[in-house]
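Beneath this line is the structure, given in structure tokens, with notes to follow.
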Amino acid sequence: MSSLSLAAGPDICESKQRNPFRNSNLCAVDLLGVISSISCSSIRFTAIRKEFAGDSFVVAGRFGLCAKPGVRFKNYKVYGLDGIDRSVSTVDSVKKTEAAQIGDSVTSEANMTLNNPVPKVLQLQGKNAGRKSGRNIWSRLQRMQKASQHKVSKIVSGRNCSSFEDKISDGDLEAVISGIHPGSSVDRCNWVLKVLEKRSEEKTVEFFEWMNCHGKLKENTDAYCLALRALARKEDWSRAMMLLQEMTSDECELNAQAFNSLIYVCAKRGLVGWGTKWFHMMLEQGIRPNVATIGMLMGLFQKKCSLSQAEFAFGRMRSLKLKCTTAYSAMIVIYTRLGLYNKSEEVISVMDKDEVLPDLENWLVRLNAYSQQGKIEEAETVLKSMLKAGISPNIVAYNTLITGYGKVANMKAAKHLFQALESVGLDPDETTYRSMIEGFGRTDNYKEALWYYDKLKNSGFQPNSSNFYTLINLQARHGDEKGAVQTLEDMRRAGCQYSSIVSSLIQAYERIGMVEKVPHILEASFYENILLDPTSCSILVMAYVKCSLLDDALRVLQDKSWEDCDFEENLYHLLICSCKEAGHFENAVKVYMQMPNSEIHQNLHITCSMIDIYSAMGRFTDAENLYLKLKGSGVTFDMVAYSIVVRMYIRAGSLENACVVLEMMEKEKDIVPDIYLFRDMLRTYQKCGMTQKLANVYYWILKSGIAWDEAMYNCVINCCGHALPVDELSRLYEEMMQNVHAANTITFNVMLDVYGKSGLLKKARKVFWMARKQGLADVISYNTMIAAHGKSKDIKSMKSVIQKMQSAGFPVSLEAYNSLLDAYGKDNRLEEFNDVLQKMKELKCVSDHYTYNIMINIYGRKGWIEEVSRVFAELKEHGLEPDLYSYNTLIKAYGIAGMVEEAVNVVQEMRRKGIKPDRITYTNLITTLQRNENFLEAVKWSLWMRQMERQVEFCPSLT
């Protein structure tokens, strides 16, 4: 069996005044062991007493303390002054009283007291011990144990035990817990739970569950509150919510204390959401909040500046007629912080109306509310009322008022208030001096600001960053470069980083437009230290480049004392981009040329930026050389690099090279162009007439899933108007209108052209109406609409559009006349056809290729070769050479007139003039030969045409 020996604390020991030996040594009970639970079958305790009258007096007892009924003491020993062992057998001594004493030997579980384990009728054996002690030692032990029982009962019952709960060791706590069993009292369990709640959330929850399993929670609100507090610290909100529901089932009254346990943790940790939720749940349960609830919530809302939640809690507080001064203060602070000064004043008025007496905090926030908005008279009134209310003069109040004076630039009053501090028994603190510095800085009074700055330092206080910033700005404006050097040294001594110091200095001199003074000031202070810091160097050179101090920037880069290749490359790239954005392309080139190893190491981003800069400068050869060098270095291009190179070739007018680069990019499966590169691709392929490529890019755009903006819709419609099916183009246009994107004039014209050529006149009219309504219809719009009606030979509509064209202030264009000629000619209305030609001559409207081609086509259809020849002659007289369409029309006319040889001669003439025949040319010639029964020649030309389509150079002989 194990034994347990514990030293008793002074609060459970017998008083030394009861020491019969009357000396400074401990009496027997001073080392009496007291335990809170008995889990073993015996306890050994030893009481020792030394140095009594030159002899040793030892009382040693060995007791078998029963943990269960039916187990008795085994033996005890008493040593007297004579050292004789007077052992007594318990079996022999207490047979008659054993049954009666058995109950006294059991440790009481309810109050944790230790009953007397020795039978009361036990008498000491031996006369010496009895005579020398002067009284029965067992009676003394009984009295000592009664005192111990009384002390332990007080501890366990929870009265005056806060210090004990905090100081109890982990070992003692484990011993206490091990003695808890289902028969333990609720008070004892609550005491243990309270101790655990201060030490471990996990153990608190575990012990609470044990209490729940053994029925210790019935009407036990205190236990629930302790568990809720532990769960709140764990932020186990779901379990806390379940616990609140369980309280009602255990007949526990839900009260503000339970919710306050949760709200307290939320307030400490800044959990606005959960704090608000518990408050609303509290109200839904019909539980009345108390002042503590409102105080914690308003403190939380003030910390997080949660206006709506604060207003709700504040309104509920007033409706419940609660008076929480903290709530009023919090509302004033929140409104002041948000600049809602009128609201702050309303809260002050409401507080006076509610007859709530301000405390010190409330007086201060009132003072701050008025000072922040510059209402100095009201602020002064608040200060007077505060002092009149019996509040002692407070340096914070005076500092707040001084700050208010500074905001309204009334530094005379601020200085007077500063001088009055001594009369009210206050000494200026660092905030006082700082406020004075800021105030005089705001009024640009450098002399006074410097005096208070020196006073601040001489008083042993440290200037803050705002003071440094104010002073350095004053010194810049007043040209005190020597003072600026001293301020920079103060900033360095205060522990400010060099990057922060450099930033403050540059900003101060940028404001007055004198950054050129910065190099001199830095060289007089700690220029060498700046050269050791990459961040400071980068700030400095960026400022120099921004102010066109390129030589100073390059000198810093040359003198730097740090080595970081990646940082250095990024810095150079940043400088180059800054020069580019400012339009200083030459400076960008100088920075690039100073880069270390710029000719050897090719940085993708820097090189691409330089390609773009060279392109903007028109130095396309340099740009292309950089591109070829970058390409030859094996660097993997990204999307931005391809985009820059493509744009370079577009600017240079080299669309073929742009197409080559785009084809290289399309082979890179991982590269997806952005919206800007997609537009460049569309424009490039449109200018090159690559309709299939345009269609491919369009469907690639759809697949990429990029967001379409107004520019994208316009670009796709403009470029892909003749590359996409009309249905798809129409769908895209309707989608653009539904997304409320504005179409430009070109978009409207493309849609008019597509609809007109497709015969969709109804849709064309709708587009034309919208273009006119938005004022975007131009001459091309009217011409396109006239041509659309002309294709369907709707002369009436054509004339109507011409009238609208004239009404809009546009003269009838050559294109409009051409459309009329084409329509009249194809409708065999030659009289009107000639009238239009005559009107054109009267208006001196010069004909173009299209006019002459229409005339050749109409006269050729009629077989009027003479007229055709006249038109050809007139065409050449006006300095125009026949184009492909002219020759094709002429071959067709000769075919109709049966002039085969002349038709073949036209083909030969085309070759001599370098005009490459197309499929229509050969088709017209073959038709001419067939119509005049030259079938063999027709077959030869047909075969040759097919070979030409296969790019075989072969020409049949003419016979």
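Keep in mind that glycine also has a Cβ here, set from the backbone N, Cα and C atoms.
Among the features that TrEMBL reports, repeat 'PPR' is placed at 220-254 (among others). Sorting each residue of the repeat 'PPR' (220-254) by its DSSP state yields 27 helix, 0 strand, 8 coil.
Taken from TrEMBL, the feature domain 'PROP1-like PPR' applies to 222-374.
Under the heading repeat 'PPR', TrEMBL lists 255-289 (among others). Sequence-distant neighbours of the repeat 'PPR' (255-289) (same chain, 6+ residues past either end, Cβ-Cβ under 8 Å): 221, 224-226, 228-229, 232-233, 235, 237, 240-241, 244, 247, 296-297, 299-301, 303-304, 306, 309, 313, 316-317, 320, 322.
As annotated by TrEMBL, repeat 'PPR' applies to 359-393 (among others). On the 0 to 100 pLDDT scale, the model's mean across the repeat 'PPR' (359-393) is 93.
Residues annotated as repeat 'PPR' in TrEMBL: 394-428 (among others). Panel annotation: around the repeat 'PPR' (394-428), residues 360, 363-364, 367-368, 370-372, 374-376, 379-380, 383, 386, 435-436, 438-440, 442-443, 445, 448, 459 of the same chain, lying at least six beyond its termini, place a Cβ under 8 Å from a Cβ of the stretch.
The repeat 'PPR' annotation in TrEMBL covers 429-463 (among others). The DSSP breakdown of the repeat 'PPR' (429-463) into helical (H, G, I), extended (E, B) and coil residues amounts to 26 helix, 0 strand, 9 coil.
Taken from TrEMBL, the feature repeat 'PPR' covers 638-668 (among others).
The feature repeat 'PPR' is assigned by TrEMBL to 744-774 (among others). The list of residues near the repeat 'PPR' (744-774) in space but at least 6 beyond its ends in sequence, with Cβ under 8 angstroms from a Cβ of it, reads 713-714, 717-718, 721-722, 726, 729-730, 733, 780-781, 784-785, 787-789, 791-792, 794, 804, 808.
Per TrEMBL, repeat 'PPR' is recorded for 778-812 (among others). Under 8 Å from some Cβ of the repeat 'PPR' (778-812) lie the Cβ atoms of residues 745, 748-749, 752-753, 755-757, 759, 761, 764-765, 768, 771-772, 819-820, 822-824, 826-827, 829, all in the same chain and six or more residues away from its ends.
Per TrEMBL, repeat 'PPR' is recorded for 813-847 (among others).
Marked as repeat 'PPR' by TrEMBL: 848-882 (among others).
Sequence-remote contacts of a segment are chain residues at least 6 beyond its ends whose Cβ falls under 8 Å from one of its Cβ atoms, and for the repeat 'PPR' (883-917) they are 849, 852-853, 856-857, 859-861, 863, 865, 868, 872, 875, 924-925, 927-929, 931-932, 934, 958. What TrEMBL lists as repeat 'PPR' is 883-917 (among others).
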Mind checking which residues reach the repeat 'PPR' (813-847)? Cβ under 8 Å, same chain, six or more beyond either end.
779, 782-783, 786-787, 789-791, 793, 795, 798, 802, 805, 854-855, 857-858, 861, 878
Just to be sure I understand, if DSSP states are collapsed into helix, strand and coil, how many residues of the repeat 'PPR' (813-847) fall in each?
26 helix, 0 strand, 9 coil
Contact set, same chain, for the repeat 'PPR' (638-668): CB under 8 Å, 6 or more residues outside the stretch:
604-605, 608, 611-612, 614-616, 620, 623-624, 627, 630, 674, 676-677, 680-681, 683-685, 687-688, 690
